[in-house]
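First up is the structure itself, then whatever we jot down about it.
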Amino acid sequence: MIPPEIRRSVLLQKAIKLALAGTLLTFASFSATAADPSSDTETPQPPDILLGPLFNDVQNAKLFPDQKTFADAIPNSDPLMILADYRMQRNQSGFDLRHFVDVNFTLPKAGEKYVPPAGQSLREHIDGLWPVLTRSTKNVEKWDSLLPLPESYVVPGGRFREIYYWDSYFTMLGLAESGHWDKVADMVANFGYEIDAWGHIPNGNRTYYLSRSQPPFFAFMVELLAQHEGDDALKEYLPQLQKEYAYWMEGVETLQPGQQNQRVVKLEDGSVLNRYWDDRDTPRPESWVEDIATAKSNPNRPATEIYRDLRSAAASGWDFSSRWMDNPQQLSTIRTTTIAPVDLNALLYQLEKTLARASAAAGDRAKASHYDALANARQKAIEMHLWNNKEGWYADYDLKNNKIRDQLTAAALFPLYVNAAAKDRAAKVAAAAQAHLLQPGGLATTSVKSGQQWDAPNGWAPLQWVAAEGLQNYGQDDVAMEVTWRFLTNVQHTYDREKKLVEKNDVSSTGTGGGGGEYPLQDGFGWTNGVTLKMLDLICPQEKPCDSVPSTRPASLSATPTKTPSAATQ
């Protein structure tokens, strides 16, 4: 048998021609080092483009239980060479696809199972996890789908081996609570680097995440850092805040009423709102087979349309939820891109307010007034188009049918979280959340049981925090306490039984991890750790902090709201 390295050398030119014969591939050279992002960095290609038919065949063969495994695999040589070899060998007798993959790729290693020391309190366990979840990837392999970052960062845990955008804010809350302001600063710096390098913060630092972003929490991150560093943080990251805003608002200047462009839409009355969007309309590399199956289940819709809506739901962070579907029991009815989400628009209101504050800190009063005006216009659009007067709660706007949607979700609390809600409406939202979403173990994401992970009976740490702080902002302390106490009790019971914190919780009871979705329940877990620490300090006085959830429910919350409703929303 001819050794593989000799065969490659001899057949190099022929192999390249064969590789190019059946598939048009786009390649971009890029630095595998987190270098100066101001240079003209070409966008690196995701593995489904680099590997073409090989990627498709491996994923369809279901060689790995998790489709993310091969998406994260590192080619051992030029992908063009590997693809050429594959084309030459795949039809030969006895060809073994799994062996071919093992020879040509380095597969991601399973993370070492963390066994916490016995007898740790909840707080001690979380503090001990921060170094376990910290990664540094200043340099990566040339063909790795992982994107390098200049500073260290904290990953969520489990199958999530990279940093994720909106997860990170809630993780950073916990890091700050633990006194790790250096890690907070590093993570803000990483996101600023990504904005400079790619024009936006991608879903995660993988090539296959570059075509979309996630809920825009960068403004909150900078505001958090400013609590420690003062206005210097606002001034330092003003350019990146402006670039992120430009990404979300791209094309707004030329939109006519009723038109849409990528992430921005203009309604018939001239109101401007935003939606989630992915630049690609193909199956997600990390969920390749699942997306193809979803598209095939609804032959009445173009597959590309379904793929973009699946991807855009991933951009929302809520992948997946009945919130985006016409039929909650049929994922292929998803239509994320025809919905203007209430939470996204609340977050962009916050971005506009932060831009105004940062501009003022930098001494640019004209820009500060400009961003304040944009925030005021968005706040009016939220009140006009994202309030369901019949039901009495904030909801998403249906761009396809030009009307407000009826479904109550935990996203209804976001206008309260950013202080964009009218006071009387905030009270109605509090009552609705208490009546329809509050469960024994915390706040349910929706009241619909669809089998999707962003539906009942699951509750997610970030939504508990948004609800608790949003309710406090408007004096709804009793409901805020119920959300906080019930979720913390759930987390404590899970920790007592399993000695871990999980990605999501079943809130229909206490002490049960959540289910549903595309992958098994993950532990770690960054944002649950962060929210748990914040909530522990919410229920216990500063002079007597608690390291675990008290056995008796406190009479009231200890902390005061970090924000108060603006004059415009009284």
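Even glycines carry a Cβ here, placed using N, Cα and C.
What you are looking at is a predicted structure, and each value in this text was computed from that prediction instead of being measured.
Record features, source Swiss-Prot:
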{"type": "ACT_SITE", "residues": "Asp319", "note": "active site, proton donor/acceptor"}
{"type": "ACT_SITE", "residues": "Glu503", "note": "active site, proton donor/acceptor"}
{"type": "BINDING", "residues": "Arg159, Trp166, Asp167, Asn203, Arg212, Ser213, Gln214, Arg284, Pro285, Glu286, Gly317, Glu518", "note": "substrate binding site"}
{"type": "COMPBIAS", "residues": "554-570", "note": "compositional bias 'Low complexity'"}
{"type": "REGION", "residues": "544-570", "note": "region 'Disordered'"}
{"type": "SIGNAL", "residues": "1-34", "note": "signal peptide"}
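Least crowded of the binding-site residues (Arg159, Arg212), judged by neighbouring Cβ atoms within 10 Å of its own Cβ: Arg159.
The two recorded residues, Asp319 (active site, proton donor/acceptor) and Arg159 (substrate binding site), have Cα atoms 16 Å apart. Counted within 10 Å of its Cβ, the other Cβ atoms near Asp167 (substrate binding site) come to 28, all protein chains included. The active-site residues under consideration are Asp319, Glu503. Their Cβ neighbour counts within 10 Å are lowest for Asp319. Under 8 Å, Cβ to Cβ, and six or more positions away along its own chain, Gly317 (substrate binding site) finds Trp166, Gln214, Pro215. Rounded to the nearest whole angstrom, the C-alpha distance between Pro285 (substrate binding site) and Glu503 (active site, proton donor/acceptor) is 22.
For Gln214 (substrate binding site), the number of other Cβ atoms no farther than 10 Å from its own Cβ, over all displayed protein chains, is 21. The Cβ of Pro285 (substrate binding site) has 25 other Cβ atoms within 10 Å, all protein chains considered. Spacing of Asp167 (substrate binding site) relative to Glu503 (active site, proton donor/acceptor) is 10 Å (Cα to Cα, whole number).
In this structure, Pro285 (substrate binding site) is part of a helix by DSSP.
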